[in-house]
Amino acid sequence: MFFGLSIGLGIFAGNLVSYLASSVRPRGWRITQAMTSFPAFTITLAGFVLADTPTFLIRTNKHEQALRVLRKLRGHNDVMVEFEDLLKATEIAEQVEAQNSYRALFRKRNAPQFMMAILFPLFQQFSGNDAIVFYGPFLFRAAGLGERASLYSTLFTGISVLVGSVISIFAVDKAGRKTLLLLSTLIMLFCMVAAGTIFAVGIKGTVTRLSGAASGFELAIVCLYLASFSASWGPLAWIIPSEILPQDIRSAGQSVTVFTSMLFKFVIAQTFLSMLCSFKFATFFFFAAWLFLMAIFALLFVPETKAIPIDEMVDRVWRTHWFWRYFVTPQKDGGSKLASVEMKPSFDPPIPAPITVHPGGT
């Protein structure tokens, strides 16, 4: 969840730089472009001092170094229990990776996790959030605000993203993932329909800009939408896949999630302006239709994963779900695949009873 908060801080910082640089004419845009080099330079420097993860060091047989890094990360020396868990988890991962995790993604028993790894980032992008974040100033200018006022309005949207991120941090483990998703999706759906209606009613005929009151209402609607997204689909589209993917397909599933998100982020960024010029206010109804599908998805197909350990996810979530249970075959021993990898019999199999031969038969 703090990952989402950090993104919100970055969005707000970018909007603030754009607003301040807009007063420097005619080269203010060069300042905004140059400022992007500072985070990139910082990341580059951090790459030289950032330690490798303990898991990576264990997998490369550098156990002593892994233990030192783990103690440094935790700030104390009492890390042996966690270190042993990492050793065990790494051993399991090496066993299951030999089975080709990408091929395992397409097995029937992994269908629920595979669909979640695709649908969550897909819905995240088609919710319309990135379109508003990328082209917020353009939308506000179309709503009747001036150039500088449009940039100023993006500061409010940046604050809204931060507020939504903070709300999600405190609500995700209290309200639960499913409740937060469903409630926020309904709010986002209302906001998209309201925004499209305002543009449809306010801009028609010879009227090309919204009135002052309508522009202010439009800004409030957009801020409410962004706060709702930042409290739900923004972070949860990453959290839920990471919670439900089993060990044998975890790396492959996470890579599918990232690839799907980046692919459709690119599609939305390249097509939104053309859609807005062609469809006009109907663009908002296009995203509203996707939000309606997202609400149905959250209501019927997304299970609650709050406080459920990953090794109990199959038994407590997928086998009890009304739809996904048909894809998860029952285990004879009642355990999950991960449990079957971890647990090894500590006893000898029972010896069959001796056969007694009686006169005239067995």
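Using N, Cα and C of the backbone, Cβ positions are placed for all residues, glycine too.
What TrEMBL records for this protein:
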type	residues	note
DOMAIN	1-306	domain 'Major facilitator superfamily (MFS) profile'
TRANSMEM	38-58	transmembrane segment
TRANSMEM	114-138	transmembrane segment
TRANSMEM	150-172	transmembrane segment
TRANSMEM	179-199	transmembrane segment
TRANSMEM	219-240	transmembrane segment
TRANSMEM	252-273	transmembrane segment
TRANSMEM	279-302	transmembrane segment
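Per-stretch counts of Cβ pairs under 8 Å to the transmembrane segment (252-273) identify 114-138 as the leading one among 38-58, 114-138, 179-199, 219-240, 279-302. It is 150-172 that, among the stretches 38-58, 114-138, 150-172, 179-199, forms the most Cβ pairs under 8 Å with the transmembrane segment (219-240). The stretch with the most CB contacts under 8 Å to the transmembrane segment (150-172), chosen from 38-58, 114-138, 179-199, 279-302, is 114-138. If you look at the transmembrane segment (38-58), the same-chain residues 6 or more away from its ends with a CB under 8 A from one of its CBs are 10, 65-67, 69-70, 72-73, 83, 86-87, 89-90.
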